Amino acid sequence: MRIGVLAMQGAFREHIQSLEALGVQGVEIRHANQLEGIAGLIIPGGESTTIGKLMVEFNLLEPVRHLAEGGLPVFGTCAGMVLLARDIIGSDQPRLGLMNARVQRNAFGRQVDSFEVDLEIPVLGEEPFHAVFIRAPYIEEIEPPAEALATFKDKIVMVRQGNLLATAFHPELTKDLRVHSYFLKMIG
């Protein structure tokens, strides 16, 4: 199984390392022709406005949207969550707009306000997940069929909608592989 990782910006190498630790091949995606044959796609963190513009410039936005609408599992972390959201508060930036979610960018503050916290994520089991938040967004509101999987201070920080998964935090920056494993189970 090959999982694509959008390699425009952010911790794409760390996502690939997490996939490889689970015995799955992760491949860097920079052009639309590289999407062929992947079983899923990860959109890493970074700066969502920049990633969105690069996806337009490199002709990736529409092909990724088309594949996801056709059922390709897509997992967005931090900026990837912003790009998956239908609504981004105060922004008209390019986005995939696939998830019934309204997102606030950089909601927990600036880079200096980054933090780590143990989250209760029932779909991952009883043990808390140590989450790393860096200039993180949160989801202010969702509509069905989107479903909240984790919250922090009453803000949604992990959500699933069918073949789409998104986290406000960076699971690739920890040794805990449960979020990546959950995504792989979504793929089947």
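Each position is counted from 1, following the chain as shown.
Each Cβ is built from the backbone N, Cα and C atoms, and glycine gets one as well.
Bear in mind that the values here come from a model prediction, so they are computed numbers and not experimental data.
Pulled from Swiss-Prot:
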ACT_SITE  Cys78  active site, nucleophile
ACT_SITE  His170  active site, charge relay system
ACT_SITE  Glu172  active site, charge relay system
BINDING   Gly46, Glu47, Ser48, Arg105, Ile134, Arg135  L-glutamine binding site
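Around Gly46 (L-glutamine binding site), a 10 Å sphere centred on its CB holds 22 further CB atoms from the protein chains shown.
The 10 Å shell around the Cβ of Glu172 (active site, charge relay system) contains 26 further Cβ atoms across the protein chains shown.
For Glu47 (L-glutamine binding site), applying a Cβ distance below 8 Å and a minimum sequence separation of six or more within one chain yields Gln9, Ala79. There are 29 other CB atoms within 10 A of the CB of the residue listed as 'active site, nucleophile', with all protein chains counted.
Between the alpha carbons (Cα) of His170 (active site, charge relay system) and Gly46 (L-glutamine binding site) lies a span of roughly 10 Å.
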